[in-house]
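Chemist: Questions regarding the structure given below will be posed in turn.
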């Protein structure tokens with residue numbers, strides 16, 4: 001690729017061997033050709049380090065030849081055998097003798113000298129048409145630093161031959177330019193090169209003659225008001241040089257031409273050289289004030305604008321043209337630097353935009369460095385290229401460029417800070433939650449406030465690191481304090497939310513603890529309901545609890561449990577760095593929740609089945625046990641009805657007692673409204689939304705405290721009373737039946753008969769110590785069995801054992817009979833005699849039935865005992 005490119009460039013340069021045509025003979029400007037030529041000659045990026053020279057003179061006077069010898073150019077020259085126009089329009093070429101130095105190395109040609117060969121005047125091709133002469137002169141004066149006037153020695157003193165008409169035009173044009181831009185004096189150098197100078201007339205005399213002509217020309221032109229007394233020296237500098245005849249003195253011509261070429265270097269004004277006194281500088285011709293201050297890369301556009309105004313006969317306004325050029329070039333430079341800027345920044349913008357669409361904020365690595373480097377590079381490159389142009393336009397465009405760049409970079413910064421904000425909040429939340437879970441998992445305890453404060457410091461430090469690494473220090477939007485403040489504010493809000501959630505979890509744990517404690521304590525109170533008299537529920541020691549103070553005990557247990565829970569909650573909340581308002585809200589919610597727990601437990605214990613069971617147990621404790629807690633053995637002589645009535649009425653008094661939550665001390669409901677307290681002013685709707693209404697506390701619910709304390713309605717109480725009475729009646733009937741069944745039916749004469757017939761045996765037993773001791777042991781065992789009410793179970797066990805032995809004996813007998821011949825014959829005989837034996841069987845069954853009827857009362861007595 002490199003050799004091919006080099007070959008193409010060589011071909012392009014060869015095509016411009018004779019220079020480039022700036023304006024053709026038809027007054028058309030060749031802008032593309034000029035830009036291309038300057039680029040090929042490496043002048044485009046020279047900035048102000050270039051110089052422009054134009055040559056004037058009559059047609060066919062050797063202007064192109066002079067330029068070719070001076071600057072090594074290859075302008076077309078007239079053939080010596082023909083006298084015709086060679087240069088058409090205006091041509092331009094770069095100095096080919098660049099870097100040439102004098103023999104003593106004291107002088108060196110300037111770099112990047114551009115030479116314009118202007119079409120000669122007074123040519124027969126244009127005849128009377130002097131329009132192009134005037135326009136080309138105006139163009140050359142507006143663009144060139146040095147105007148070379150090519151004149152033969154013998155033409156000095158002539159008007160037409162010395163191009164006095166053209167010079168008059170130059171003077172008039174210069175005044176025209178001055179009027180358009182009074183702030184700038186468009187100074188130029190008129191360099192008279194006197195050709196075919198033989199020295200007969202001294203050069204100083206020729207200078208005097210030409211300067212007199214210049215003064216007369218200046219005086220003859222019409223001047224605007226205020227410039228009537230101006231001098232030609234106010235606008236032009238003059239230098240003169242004589243060259244030998246090219247044909248007759250070729251060697252001297254070449255030598256002098258080389259010597260003259262070294263005059264085309266940069267120089268400084270010498271105050272001692274005053275043209276008014278006939279002293280002309282022989283130093284470098286390129287003074288700083290001659291330069292038109294048009295950068296090389298904008299020359300083509302500037303020249304085109306100048307020529308457009310000239311060719312359209314518009315007043316030439318160089319400041320306006322310079323501003324237009326500056327605007328055009330600044331826009332071009334801005335586009336170029338923005339392309340490079342886009343290459344660096346667009347990928348970050350796309351990544352950020354994609355992350356925003358996906359809802360996954362991402363902190364882009366390397367964004368800050370890319371922003372700073374791309375911004376600095378773009379602004380510096382723009383400054384290097386555009387600062388050469390009109391200052392006002394440049395500054396305006398620079399601000400425009402900075403605004404354009406900063407708008408995009410600021411958007412990137414905002415996106416980066418937003419990403420850091422969102423990701424930081426998420427990471428903060430996850431870190432706090434993880435630390436809390438870790439503390440809960442290890443069971444070592446944790447300080448929530450310390451965790452939150454530590455994570456807040458980490459989050460803020462990370463956010464500031466991202467912000468500092470992203471901001472561009474030299475910009476007006478480098479301050480991110482507002483964003484940091486918003487971030488810290490949201491961190492505080494999230495911290496508060498996490499603290500409230502943690503306090504909610506703490507409250508839930510405390511509520512579960514309250515629920516567990518109340519469940520046990522309240523359950524014990526209900527289980528002990530009426531058990532203080534006797535029975536399995538009676539306490540082993542101490543006084544029996546009063547049934548009237550049942551709700552007092554429940555309330556005291558409840559208050560003590562909740563106070564203990566409040567202390568736990570307050571101690572734990574202090575590690576959360578919670579405010580007093582938040583603690584007040586938490587305690588208020590705890591009291592309300594605890595009341596709900598108590599009420600739920602009471603409702604559970606007071607369900608119809610549970611309450612009916614407890615009432616029956618209470619009744620049975622009073623009915624089946626005496627005041628000492630000894631079980632009653634019912635006898636016919638006992639006042640069963642009286643005991644039953646007292647026990648039933650005593651138990652029935654529990655139903656109205658349990659129907660309403662009332663304290664025995666005050667005969668009124670507990671002060672639930674005062675105990676819970678008013679709703680804290682800092683409570684939010686979210687704090688209240690999960691709380692059920694409480695009668696007497698939440699007045700807007702329309703439920704009074706009396707209604708809140710009602711456990712059983714009247715209908716439920718009546719229904720419960722009826723069912724309890726039925727259950728108590730069943731117990732009473734059972735007791736009555738037991739007492740009646742225990743009465744003996746043995747006649748009195750039986751005891752006399754038993755004594756008479758068994759006297760001998762009685763005496764024998766009494767006289768024999770062994771028999772007596774055995775009788776004593778049996779009597780003691782019978783008494784103990786009676787006292788423990790074990791006769792019934794013993795008799796039942798004996799009957800069951802005898803029945804089982806009878807069944808087993810029958811089974812073994814049948815097996816024996818079936819296994820012997822005699823038995824099988826007997827079975828066969830019994831089968832054949834089944835008909836005759838049925839009546840006997842019926843008799844036996846009838847007898848057994850009768851015996852059974854006779855024995856049943858005795859069996860009942862045995863069971864009761």
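Here the Cβ of each residue, glycine as well, is placed from N, Cα and C on the backbone.
Take a look at what Swiss-Prot says about it:
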BINDING   57, 58, 59, 60, 61, 62, 63, 64  GTP binding site
COILED    478-504  coiled coil
COILED    699-719  coiled coil
COMPBIAS  686-699  compositional bias 'Acidic residues'
DOMAIN    47-303  domain 'GB1/RHD3-type G'
REGION    673-699  region 'Disordered'
REGION    824-865  region 'Disordered'
TOPO_DOM  1-745  topological domain 'Cytoplasmic'
TOPO_DOM  791-865  topological domain 'Cytoplasmic'
TRANSMEM  746-766  transmembrane segment
TRANSMEM  770-790  transmembrane segment
Chemist: Of 57, 62, which of the binding-site residues has the most Cβ neighbours inside 10 Å?
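Modeler: Most Cβ neighbours within 10 Å: 57.
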Chemist: Over the domain 'GB1/RHD3-type G' (47-303), what is the model's average pLDDT?
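Modeler: So the average pLDDT across the domain 'GB1/RHD3-type G' (47-303) works out to 82.
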Chemist: Can you list, in sequence order, the residues of the same chain other than 57, 58, 59, 60, 61, 62, 63, 64 whose CB lies within 8 Å of the CB centroid of the GTP site?
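Modeler: Result: 120, 150.
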Chemist: Per 10 Å Cβ neighbour count, which of the binding-site residues 58, 59, 60, 61 ranks highest?
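Modeler: Of the binding-site residues 58, 59, 60, 61, the highest Cβ count within 10 Å belongs to 61.
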Chemist: Under a three-state reading of DSSP, tell me whether residue 61 (GTP binding site) is helix, strand or coil.
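Modeler: The residue in question, residue 61 (GTP binding site), is coil (DSSP, three-state).
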Chemist: Which residues of the same chain, at least 6 past either end of the compositional bias 'Acidic residues' (686-699), have a Cβ under 8 Å from a Cβ in it?
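Modeler: Beyond its ends, the compositional bias 'Acidic residues' (686-699) has Cβ neighbours at 585, 589, 592-593, 595-596, 669, 672-673, 676, 679, 705-709.
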Chemist: Across the region 'Disordered' (673-699), what are the DSSP residue counts per state (helix, strand, coil)?
Modeler: 9 helix, 0 strand, 18 coil
Chemist: List every residue in the same chain as residue 63 (GTP binding site), at least 6 positions away in sequence, whose Cβ is under 8 Å from its Cβ.
Modeler: 55, 56, 57, 87, 117, 118, 120, 150
Chemist: Six or more residues out from either end of the coiled coil (478-504), which same-chain residues have a Cβ under 8 Å from its Cβ atoms?
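Modeler: Contacts with the coiled coil (478-504): 413-414, 417, 420-421, 424-425, 428-429, 432-433, 436, 448, 452, 456, 459-460, 463-464, 467, 471-472, 573, 576-578, 582, 586.
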Chemist: Using a 10 Å cut-off, grab the number of neighbouring Cβ atoms around the Cβ of residue 64 (GTP binding site), all chains included.
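Modeler: Excluding its own Cβ, the number within 10 Å is 27.
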